Amino acid sequence: MWERIKKALLNNFPFSLADVVTWLRNYWKKNGLLTLSMLSVITGCLIGFLLRALELSDQEKQYFSFPGELLMRMLKMLILPLITSSLMSGLATMDSKVCGKMGLITITYYLWTTFLAVAVGIILVICIHPGAAAQKEEHLGGKPILSSADALLDLIRNMFPANLIEASFQQYRTVLIPVVKSQDTKFLKKSLSFIYFAPDDKNPEIHRPVLLEITPSPQMSYKTRPGTNTEMNVLGIVIFSATIGLLLGKMGDRGAPLVNVCQCLNEAVMKIVSVAVWYFPFGIVFLIAGKILDMEDPATIGKKLGLYAITVMAGLFIHGVILLPLLYLIFTKKNPFPFIQGILQALLIALATSSSSATLPITLKCLLENNGIDRRVARFVLPVGATINMDGTALYEAVAAIFIAQVNEYDLDMGQIITISITATAASIGAAGIPQSGLVTMVIVLTSVGLPTDDITLIVAVDWALDRFRTMTNVLGDALAAGIVAHICRREFAALPEKQNLLTTAEPCSNTQRRPITKEHEVMEIIEEALAERTGIHYNVCQV
């Protein structure tokens, strides 16, 4: 009876055990790492919220977050060699006309999508009006804030670093130094004095005189001094690498050895990424859980800034899930969601690290292996995008500026809103691809319309979480831009494969192997053999 039931089940089951094993093996090869990364994000959130009940000390939190810290250090280690090698080799292997066309399309696309993101954020924050639900706490004045002019000048200075070695770990930043102004001696002589009678501690009936002298507070002013910030100057490195790549392409055969070195370095970095990527699911668990442990009380934050966070998330969803895929569909006439599925691994890394620059190696790997983007396009579009394309940051800064105006009950007119949209677009270009860099550039947006810069502290409590989602939007915009540029320039790249093959070939004596054998070569070989027989020495005879 049992044998009959077993046979019936096996006959009715459409798949055999071997088919199931084959399917699981193929699924693991294709989506195993992505599945592990998704599970690690969920596991990290669960562990983080569960461990909050233990109330760990700061030192215990630091020890717990150590595997996540290793993940960030591994990714940051690969940024410098990847940007320099990819830009130099990518631009050197392209024709100057094709490179100019691709650069113009890329920068124009980035600017328009950033401005589109700002418009979405402004519309949502005006319609939802989250500032009405937030309460402004009384706080003392914070540190002096850099003016928008100085912040803009720092951006231009970082485009041209004075020292390339220093640019790999530092960037220029203006520092404000407080200076106490000398007081007027005439005014000091006229200081106010008051006499109060305070009861004695032992005998309350006796009142003792207390002299209170009031002197004016010192007047403070601030001077600007050149300083540094301990972050990589990605913008300066990108501009230098792009310039060298363009010049190497014009040098022809003389620049081919250096181009080959850059290509070998790029391939070596990608091999390191392919090996290190299996550590990422483990590091993501501790990275996300450590951030949740450092978070303030979620209930208190939700009451104060819940509506503001919903507004930002809604804007990022509309821009990242609707508008950017729609642009990809319009330009390429292809379904954007299979393309997005190919970069899910990069999006998860962006969610965990909140750094578009640190996600750059994974994004490049996903585009080349999963989506089949041309190497020359990906090596140019992605590093440039990780530097200047900050759609999520621009949307976030526009929403935050108007939110602060609503909390302070400021009525912004249409001119001020347009000013916010323009400055948010410009400030996002100068934002570094590092965690919470939008808070620094938000000063430019606030000062452009006269809003108090000290109120940035209102949104710090939720910035760490929103920063991760806007980084996902930035990485998604970079990847879709690479797909659009590759589709628009596909004919130009299809017509120029020889230069790529010539420069990527690293086989010894490849030039002599491709030369056609002629009669002159046969005569030279006969002469070489005759000389070797007579003298015992092998000569290389060439035609002059």
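Glycine is treated like the rest: Cβ placed from N, Cα and C.
Taken from TrEMBL, the feature transmembrane segment covers 33-54 (among others).
Marked as transmembrane segment by TrEMBL: 109-128 (among others).
Residues or ranges marked as transmembrane segment by TrEMBL: 232-252 (among others).
Within its own chain, the transmembrane segment (272-293) has Cβ neighbours under 8 Å at 33, 36-37, 39-41, 43-45, 47-49, 51-52, 56, 61, 64-72, 74, 78, 345, 348-349, 352-353, 361-362, 364-365, 464, counting only residues six or more beyond its boundaries. Here TrEMBL flags 272-293 (among others) as transmembrane segment.
Distant neighbours of the transmembrane segment (305-331): 113, 116-117, 120-121, 124-125, 128, 130-131, 133-134, 337, 339-340, 391-392, 395-396, 399, 403, 458-459, 461-462, 465-466, 469-470, 472-473, 476-477, 480, 483-484, 487-488; these residues of the same chain sit at least 6 beyond its ends, with a Cβ under 8 Å from one of its Cβ atoms. The transmembrane segment feature in TrEMBL is assigned to 305-331 (among others).
Distant neighbours of the transmembrane segment (343-368): 33-34, 37-38, 41, 44, 68, 71-72, 75-76, 78-79, 82-83, 86, 232, 234, 269-270, 273-274, 277, 280, 283-284, 287-288, 375, 378-379, 382-383, 385-387, 390, 432-436, 464, 467-469, 471-472, 474-476, 478-479, 482-483; these residues of the same chain sit at least 6 beyond its ends, with a Cβ under 8 Å from one of its Cβ atoms. TrEMBL lists 343-368 (among others) with the feature transmembrane segment.
According to TrEMBL, the feature transmembrane segment maps to 380-405 (among others). Long-range neighbours of the transmembrane segment (380-405) within the same chain, counting only residues 6 or more positions beyond its ends whose Cβ lies under 8 Å from a Cβ of the stretch, are 82-83, 86-87, 90-91, 94, 99, 102-103, 106-107, 110, 113-118, 120-122, 124-126, 130-131, 134, 234-235, 238, 241-242, 308, 311-312, 315-316, 319-320, 324, 356-357, 359-360, 363-364, 367, 412, 417, 420-421, 424-425, 427-429, 431, 433, 437-438, 441-442, 445-446, 449, 451-452, 455-456, 458-459, 466, 469-474, 477-479, 481-482, 485.
Feature annotation from TrEMBL assigns transmembrane segment to 417-434 (among others).
Residues of the same chain lying 6 or more positions beyond the ends of the transmembrane segment (33-54) and with a Cβ under 8 Å from any Cβ of it are 64, 277-278, 280-282, 284-293, 295, 344-345, 348-349, 351-352.
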